[in-house]
Structure formats: structure tokens, C-alpha cells
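Student: Supplied in C-alpha cells, the structure appears directly below.
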Amino acid sequence: MNKTLIRICLATAIAAALPVSTLAQDNSDATPTVDDAAAFITEVEQFQREFGEYSARIAWTQATNITFDTNWLSTKVSAEGTEKGVAFANRAKDFNDVELPAEMRRKMEAIKLGLNLPAPTRAGAAGELAEINTRMGSTYATGKIELDGEMVPRNDLEAMMGTVRDPEKLAEIWTKWREVPVALREDGGNMKSDYAAMVALSNEGARELGFDDVGSMWRSRYDLPPAEFAAETDRLWGQIEPLYKELQCHVRAELNQEYGDEVVPLDQPIRADLLGNMWAQSWGNIYDLVGPESADPGYDLTELLVENDYTPLQIVETGEAFFSSLGFEPLPQTFWERSQITKPADREVVCHASAWNLDGKDDIRIKMCTKVNADDFNTVHHELGHNYYQRAYQDQSPIFQGGANGGFHEAIGDMVALSITPEYLQTIGLLDEVPDASSDLGLLMDRALDKVAFQPFGLLMDKWRWQVFSGELSPEEYNDGWWALRTQYQGIRPPVERNDSDFDPGSKYHIPGNVSYTRYFIAHVLQFQFHQAACEAAGWEGPLHRCSVYGSKEVGERFNAMLEMGASKPWPEALEAFTGSRQMDGTAMVEYFAPLMDWLQEQNEDRACGW
Ligand code: X8Z
Ligand code: ZN
């Protein structure tokens, strides 16, 4: 009874805000019909088109200029969107027992899952949740630490973690960046207390919608029951884990050679600050310390970019040229006018890279604080992949304007970046001489340090959140639980002692930003499946790590066929359209690295692996 009333009240509120006459009739007592469902879906689509653009423009304005006022606007529009999203999700439930054509049923299910973080329907809750989230996001984005008398932002610290080799300095940067999530505000709160409040509120919202908790809601987005999806991620991890363990063992031994027994004892997990990355999530930056001496590819992408005076803009143009070579239309002029490619000097922005479509059509942009290095060269391709995907599915219903699943969206640009081979770098004039086959192990090691090393991190980020949302971890246990997973899956440990008042997960963008992370784990599996299929389509016969699909219009066409589908079909259909398979499968990744696996096993033969 109450629910019906709330629904009618909110429907009225939406009607007032919408200049359209497509609202479904109020059928409070009658059993809803297929026509009612069609009218409801039209209403949601209309709302998503208009409000989506309005809220995206506010979100962009805030992310590229963080001030009191843009935070205020962003909070307000986020609360409005959440309230309406919750109302829509509740109304969609009313059609649960109505037999609908497959496409309408899929749209209804998507509407129920539409919100990233649902708020409870009680008055004020959506506003409170939005306020907490804006505060956490801007705390992260504007966080700075004092280093040698200067205040240094995260973007610069991240680059330093890749180049500094002094363990004391690394520990200092690592530890100080982790003070940001626990720094107390004047009101006595901090990111950690905000996070706990966010968990309680959004869980309450998820339960109102019929989910066990937010974690279960997030796991429901993969066309599988949530428990089956969790089992599927474990299955995929099981395929990759043996390779990761060999890699971890070898890297630890090499770091032991570099830093000695005291800093890198051979019977313990690796110190997290020594792996060339603020979060130890990808290790490509320490290639010089751990790569096979006998198989040096003879070049370093960062050095090539710097030597060739590449600018951030040129990096983006190079990325665009790759997609053009596959047959994609050039990026619109507005992309170049409106994107944020480098960090503005005069204001606070969200530096963490992202790709946007502001109007559901052609107003696509990236937002980065691009530096001229290999990491950002790859990230530019990653972001452009999002933009080309967004543009490809723009004619789908707004409800289907998304990836086949989150992992697909994250895998598109990464698949293209797997084609950045020495041969490709030579084609675009960055590299003079292509190394011969004796460098293959080096090339594979370089890739493995980024891609294989990433997988346990990609998995555990959400394992931690699933435990948090289910209540298995209380706020006092957040940090211990985090390190239990970091140690179990990655075999790493903190450089200094941690305690239960710390909030180390908060040092990673996607935690205060509430961006689910399993998508990246899935993407790392998919991108190797895509690459394998693409190379086959291009007629490539050599080793996969030497295959570049640059210039292949045929690959581009098949790729586009998958991208155009957006989220309109269950992901196995999209996967099948491009690869011929309906299964996510880690063996593509394992096969890609097979020669490296053999070599690692030889190297590790007399070492005591494990932690
Ligand atoms: O967040 C990102 C992208 C934006 S979707 C830059 N990535 C993850 C990360 O940085 O942690 C890409 C790889 C993993
Ligand atoms: Zn991404």
C-alpha cells in the first residue's frame, strides 16, 4: 500500500520535471499490461536521454573544475538521478510477472539494475548518499602530500612510484599517500567514516530493491545469477593463477638481488612499494630490474616517446590513427575542443583517466592528465576504446547504451593496445629497428608485468567490497581484511605496519569513486580472447605477441559489429559475434604467455616459491 503511494508520488514528481506526454497511465489496481510496460520503458528512455545529458554536463564541469559550487551542483544532480532511478527500479518490479517480449524483458531487468549505488526511498537519503560520495571523490582527487617541502598531487606521486628506486623514499611516498583517506576533517569525519556510512545507506537501498546487498547487485550485472558470476571469476582466476605465481616468484628473486635480504626476504610476500606502482597493480615500470638480461628488446617505450619529443596531444592523435586504420571514422572536432588532455594549471580536477559521452551521440571526450610515458600511452588507447564503443552504440536505446558487460567496455582499447608491437612502433616511426625473435622473452615479460601482475589485484578489489557490503567485514576490520586479500592473492605486504584505523583501500580511486572493479579483471581475460580472434581474422600466423592488427579493415568491421550491439544482447552473443565463442576463457591469456611460463618455471626451479 505504502509502496504504491510512494510510486505515485514520485511518478507525479517526474511528470512535473518532464516536458513529455509519454508517462504510463497510473494503473495502481489493475494488473499491468504489455502496453503499460512499453509506455513505462518509453518514459524511462526519454528521461535517460534528457536527464542523462543534463547530469553528464554537470558531472563533467565538476570533474574538470572542482570547487565548492561544482561539488554542490554535482551532489544535487546525483541525488535527483538516484531518486528517480530508485523510483524507476521499483516500478520495473511491478512488471515481474508480466510476460514480455525478450527485448522488453531485458530493458526491465536493466532498469532494476540501473543504479550503481541505490539510496533508500526515505526522505533525505539520496541527498545524504550523494553528499558522502561527492566528498569522498573530491578528497581523493584533491589529495596532496608533503614531500621534501613541497605539496605533491597524486598524479605526480603515481609517476614517481614508477621511477624512484630508493626503498626509503618509496616507503615514504607510499605511506604518506595513505594518510589522505584517514585525515580528519573539522567535523571529525574522514574518508573511512564516509565509506562506512555509504555502505550502510546504499545497502539499505539495495535491500529495498530486493537485493541481498550492493555487492550482490553489482554481481547481478553479468547475465548470470550473482553466485554463479562469483564462481565464474574464481574459475578464470584458477586458469591464470599458476602463471601469476611463477611471475611473483621470479620478481621477488630479482628484487632480492637488487635490494638484498633485509628489504626483500625470500620467504615473505613482496613489499608493495617496490613494484613500480602506487598500488602494486601493474609492474611494467620495474622491467629494468626484473627483465631477462639475455632477451632485452632493446627499447623502452617511455624513452622512445621522450626522445621523439612526443606531446600528450600527439599521443592521443596516435591513438586515433590506430582506430582510423581499422576503418573507424575520425574523432569529431568537438573531441579535440572539449577534451581535457593535460592537467590544467589553475584549478583542481579529477586526474584519474576517464572517457565520456555527454549527449549519447557524438559529444565524446576524454579527461586525462596525460604524461609522456608508456603507462599513459596505453591509457590513452584504453580511454579511446571507451569513446569508440560509446559512439558505435549511440543508436541503441539509452537503456542499452553500455558495454555487453562492464568487462567488454574496459577491454576494447586494451585489445587495441595489445597491437602496440615493435613492428607497429616501427611503422609509425617511433622505433628504428625491430628486435629479432631472441627478444621475445623480454617482450613477453614486459607485457606480463602489466597484464598478468594485474589479475589478482583486479579480482581482490571487489572481493574486498563484496565482504564489506555483505557485512563480513566491519569498519574496524576493513584494513586487516584488505591486507588479508592483498597477501593471499598478490603475495605482497605493506612496507610499514598498518593498523585498524588505517583505510588503505581508500588510496585507490575506484574505492571512494565506487567504480566496481571486477570489470577490469574480466577485461584482462577478454582482451586476450579478442586479440587472439582479431589476429586470426587478420590471417596472422606468427606468435600472438608479435601480431598487430593495425590497418586491418576486416578486424575493424567485425569489431564494430560487436560494438554496435552495446548492451542490447546478453554478453555471450556479443562475444560470439567477434570471437566465435560464448565463453569467457583465460586460456587465450595463458597461451599468449606460454613461452614466458616455460622460462619462468626454469628460472624458479631451485627457488622456494610461495609466501
Ligand atoms: O581505471 C582505469 C581506467 C579508467 S576506466 C584508467 N583502469 C584501472 C585502474 O587504473 O586501476 C584501467 C586499468 C585498471
Ligand atoms: Zn576504462
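Cβ coordinates come from backbone N, Cα and C, glycine included.
The active site, proton acceptor 2 annotation in TrEMBL covers Glu383. Among the features that TrEMBL reports, active site, proton acceptor 1 is placed at Glu383. The active site, proton donor 1 feature in TrEMBL is assigned to His510. Positions annotated as active site, proton donor 2 by TrEMBL: His510. Annotation comment: TrEMBL describes Tyr222, Arg519 as chloride binding site. According to TrEMBL, the feature Zn(2+) 2 binding site maps to His382, His386, Glu410. Annotation comment: TrEMBL describes Asn65 as N-linked glycosylation site.
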Student: For His510 (active site, proton donor 1) and His382 (Zn(2+) 2 binding site), what Cα-Cα distance in Å is obtained after rounding to a whole number?
Tutor: 16
Student: To the nearest whole angstrom, what is the C-alpha distance linking His382 (Zn(2+) 2 binding site) and Arg519 (chloride binding site)?
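Tutor: His382 (Zn(2+) 2 binding site) to Arg519 (chloride binding site), Cα-Cα distance: 13 Å.
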Student: Whole-number Å distance between the CA of Glu383 (active site, proton acceptor 2) and the CA of Glu410 (Zn(2+) 2 binding site)?
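Tutor: Answer for this pair: 8 Å between alpha carbons.
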Student: Considering Cα atoms only, can you say which of Asn65, Tyr222, Arg519 is the nearest neighbour of His386 (Zn(2+) 2 binding site) among these recorded positions?
Tutor: Arg519
Student: List those of the recorded positions Tyr222, Glu410, His510, Arg519 whose Cβ lies under 6 Å from any atom of ligand 2, in sequence order, or write none if there are none.
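Tutor: The recorded positions passing the 6 Å Cβ test are Glu410.
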Student: Fewest neighbouring Cβ atoms within 10 Å: which of the binding-site residues His386, Arg519?
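Tutor: Taking His386, Arg519 as the binding-site residues, the minimal 10 Å Cβ count falls on His386.
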Student: Measuring Cα to Cα, how far is Glu410 (Zn(2+) 2 binding site) from Arg519 (chloride binding site) in Å?
Tutor: 7
Student: Given the Zn(2+) 2 site residues His382, His386, Glu410, which other residues of that chain have a Cβ within 8 Å of the mean position of their Cβ atoms, reported in sequence order?
Tutor: Ala355, Glu383, Gly385, His409, Ala411, Ile412, Gly413, Asp414, Ala523
Student: Mind checking which of His382, His510 has the fewest other CB atoms within 10 A of its CB? They're the recorded positions.
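Tutor: Across His382, His510, these recorded positions, the one with fewest Cβ atoms within 10 Å is His510.
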